[in-house]
Amino acid sequence: MLVDSFNRVIDYIRVSVTKQCNFRCQYCMPATPLDFFDGEELLPLDNVLEFLKIAIDEGVKKIRITGGEPLLRKGLDEFIAKLHAYNKEVALVLSTNGFLLKKMAKDLKNAGLSRVNVSLDSLKSDRVLKISQKDALKNALEGIEESLKVGLKLKLNTVVMKSVNDDEILELLEYAKNRRIQIRYIEFMENTHAKSLVKGLKEEEILDLIAQKYKIMGMEKPKQGSSKIYTLENGYQFGIIAPHSDDFCQSCNRIRLASDGKICPCLYYQDAIDAKEAIMNKDTKNIKRLLKQSVINKPEKNMWNDKNSETPTRAFYYTGG
């Protein structure tokens, strides 16, 4: 079992399989050239697999595959199948922008993936183009429908931005509700790679907009996880991830492995442990040691709710958000 200095059990790893992305979203990497990462040094997926087997043996019960855009990584379905075969009790989920999802959904489902989280920031084509610098809405929606068709569980993630997509909060909720998908609204998390003009809506502002149409009956906070779950009068549930107001760090159960082999204890802080050599050598003893050290290094909490704190400098496309 992996336990940090604050007695939190760490049983969830987010694994970035690439920094590359086919989008250039305003809140993540808007100014990065599309070919910027052509020469990136990636950990071979077989080596990542061995690392994750060790992590599973140490008590990890959930693995999320991220990027960049993870569906750009070749051989991903085979990697997931091998991971699933090693321990079928481990939940395997994936975060994607959905652009390549339609053609890959069936293979991902057959490989053993249990759920997909799709970023959907707008239902308007021109707005998606403005946000992501990609004419991507049609592909994303088709990917969502195909995932439902093949039986993949789904969640939608929406980063809510002032004067960008805040007028679509209800429309996006209706879209998700009609498909029995949970949508999670995410407060914009300031970082030095985002456009400086991007401003997010806070949790209470999002709730006020939803309350204009729906009666919110209650809220529950899962013991683990970063989102609060709200229930509407009709029984539909949606989530809000609010790092500026919610101290979800007290129940944090995760660490992150970047595509270059660094283990990141926290999304906010720059600190990381370089495990590349151990992973490349499949050095079980050292991997265990570095894994445990990264857990011990986890800070008590992030600082997004501190107005005097510095803006995080490590890119979300590096750690996988």
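Yeah, the Cβs are placed from backbone N, Cα and C, and that goes for glycine too.
Since this is a predicted model, take the numbers as computed values, not measurements.
In three-state terms derived from DSSP, R14 (GTP binding site) belongs to an extended strand segment. According to Swiss-Prot, the GTP binding site annotation covers R14, R64, S95, K155, R254, I255, R256.
Marked as [4Fe-4S] cluster 1 binding site by Swiss-Prot on the basis of sequence analysis: C21, C25, C28. C28 ([4Fe-4S] cluster 1 binding site) falls outside any helix or strand according to DSSP and counts as coil.
The number of other CB atoms found within 10 A of the CB of G68 (S-adenosyl-L-methionine binding site), across every protein chain shown, is 27. According to Swiss-Prot, the S-adenosyl-L-methionine binding site annotation covers Y27, G68, S119, M189.
What Swiss-Prot records for C249, C252, C266 is [4Fe-4S] cluster 2 binding site. Sequence-distant contacts of C249 ([4Fe-4S] cluster 2 binding site), defined by Cβ-Cβ distance under 8 angstroms and a gap of at least six in the same chain, are E300, K301, N302. According to DSSP, C249 ([4Fe-4S] cluster 2 binding site) sits within a helical segment.
What Swiss-Prot lists as domain 'Radical SAM core' is 5-233, and the listing cites sequence analysis.
A separation of roughly 19 Å, to the nearest angstrom, links the Cα atoms of C25 ([4Fe-4S] cluster 1 binding site) and K155 (GTP binding site).
When the Cα atoms are compared, K155 (GTP binding site) and Y27 (S-adenosyl-L-methionine binding site) turn out to be 20 Å apart. Between the CA atoms of S119 (S-adenosyl-L-methionine binding site) and R256 (GTP binding site) there is a gap of 19 Å, rounded to the nearest whole number. Within 10 Å of C21 ([4Fe-4S] cluster 1 binding site), as judged by C-alpha distances, the binding-site residues found are G68; the full candidate list was R14, Y27, R64, G68, M189, R256. Along the domain 'Radical SAM core' (5-233), the predicted structure has mean pLDDT 92. Sequence-distant neighbours of C252 ([4Fe-4S] cluster 2 binding site) (same chain, 6+ residues apart, CB-CB distance under 8 A): R8, S226, C266, K298.
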